[in-house]
């Protein structure tokens, strides 16, 4: 032993020196809470911004939505060709189309935020749009949610392995396949799957979400039917989604493999599988969690066409039906629900991230 | 100077097999599109093969009609050739508009920074995260009888954020480079710095932005077409697929009507993606250094 | 003469590129004795780091070992040639017999793992029997390099450069290896911390009896720490000898230049 012991390094306790008071002090003592509050504030701004963009986008569209609406209404429900001015005025009020644009906006937002009211639908008049939408929402959340999560898990794992084994034949094939297929619409795969498994082989149903002869309920028959009918649409999302995640994970993985901590792990003589999981994968799946949230909107876009092809009773099909009938409130409602769901999912993932990733700088 | 630029481009392409493959596929498709009137004439052999009732309906593929005929008796192969050129045009129009808008937004946001960057980035971020397809289909549902160019503009409204995001992050990283500081210190004007210092270094990323916007645009148009909301009067690959679905090609087993357009579009998406990733690998040393392929 | 731990003979490393091959290490002969601190000096590009990386078998393409041998004699095991040993045999040898001390400013610590887990994984990999004593072992190792026990629960980004270097030192000696190869252990640290780190390294030798091979461009480091010093220039070993002897009477003109480049206290520029 040497005479001099090395000086003990103390851990830096910054910002603790002068204890401030009030809200600021509390926030500086609880950085995670401060981060959560700030992130939630940003969420509210984004949500407000997105809903506003959607509202004005629809209202400022070329053509006269009011006239189209009333024409459609007349064609569908009132068989006399001429509607009285009084009737038109009543519909204007009912559909929230009276007053100038700003008044309409304030009224719409007020109803939406305070009462969850999206106005009457046209495709199912006089059922409110939110009722029509809420009926289809679970189907989309089930189909899209499960497929998106599965695609993410498969893609991140396969992509990490492809990056890990770069240069090997299997990895090269997987990577090139992913480059070719990552940006193909889900719909293409759905169409091929339907043609092969439903029309040619007759193995699986081509349309709808469950066998209409089975009464809906929590019964094994019904659940089995839902799974069987959901297989093809889900598969089309999972296949393409997986390739997308393979590609982005591999692109994240390759620079990580050159990181000093991987060289160090190798020098430590750890087993390859352990380096892959504890060192490489752990560092590249974290950014992919954020990416997952961001991708949800994109997945919803692709899902619309898949639902439409399978006549799946989710938001996508409701949206297309509403558009064919120019059902203003329902279209905007579906858009708003999709915006709300995606932004909320992104928020939740962002709030989850500091618990998983010690590096996230949530203090500021 | 142009020779040097050309030299740099050639060297870049030679450095990446992926980029080269993507460009070759794209070039081949553009060639087919350019010569499409000639090719269609050759297929027709005197008659117009894409005219209604040019031939018998629903002919199976044969030596005369490589991909058979559709429900109106049109030659599917000729239609696919024609449609490919329309899809490429849309990609080019929307890609160009999106890239220009994206570049402008990215430069203003990335170069100016501060609250302008805050607002523009939040706005771009919102458009990237929220599902915009409902907005696009609603727009095309209300906007009847639009031209190809107008569709391109409509799609660009939703495609530019892809370009803007890619380019902004590059502007941010370039902005802090010493030579830009030097130019600032020597009191060069903003425009001068942008044109002489930043733009040349950003070209590859502008290329990436263009490719991803073009990809998104073609994707968007196909989406519109397959639910029957595309522009009237023109046939693109998405519309052939839509026809195949609505006329029962699926049940009739007329697979060339949807398999061939899907294959062509997949090839096009693959080519654009290869250009994207090829460019990124060439210009991102962290990806290149250990790529090992 | 004491026992030899590592005997390098005719080591050659070549970087292959499309523009032709570059020889980074050209026929190096060097013996490392048990218990000594051997300094490897030389300017950047002299091949000293390549030498270390090649011995640790961490050389990545386009770098290739193109010749020579490096017989390693770990205590209680049969001797092996570090340049040819492969697979499981190499993996088992690592850390328990041959460990690596990288530069602290590099991100060698996994950013998403607590310090204690980065001790644990290597200890459990090579000495699973110590599982039950980990709770005592890790704080003791940290204490050895002057760190508080609570550092164990911290993440790398919460540590300063000097603290990271200490953690890496503690991990390097965790399994009492026969040889530790340290690559620029004090570079990028500020001068006061450098001295403390050098002192800790010297203490580790006293406490653990490890053999250290220290790569550094800084002749001052060798003067303070090493028993013997080897000087590399353009891939060749130009001089090896006792550190005092080399500093007092350098035989090679290049060594003399290196020594003269050390800034000295009390030597005022007039």
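A Cβ is built for glycine as well, from the same backbone N, Cα and C atoms used for every other residue.
Small disclaimer: the values here were computed from a predicted structure and weren't measured.
TrEMBL assigns the feature transmembrane segment to residues A:40-58, out of the candidate ranges A:21-39, A:40-58, A:59-77. In TrEMBL, the annotation transmembrane segment applies to A:141-164, one of the ranges A:141-164, A:309-332. Taking TrEMBL as the reference, the stretch among A:176-198, A:199-221 described by the feature transmembrane segment is residues A:176-198. The range from A:115-133, A:229-247 that TrEMBL describes as transmembrane segment is residues A:229-247. Long-range contacts of the transmembrane segment (A:176-198) within the same chain, counting only residues at least 6 positions beyond its ends with a Cβ under 8 Å from a Cβ of the stretch, are 159, 162, 204-206, 232-233, 235-237, 239-241, 243-244, 246-247, 250, 302-303, 305-306, 309-310.
Listed by sequence, the residues of this chain that lie at least six past the ends of the transmembrane segment (A:40-58) yet keep a Cβ under 8 A from its Cβ atoms are 65, 101, 105, 108-109, 112, 328, 331-332, 335-336, 339-340, 343-344, 347.
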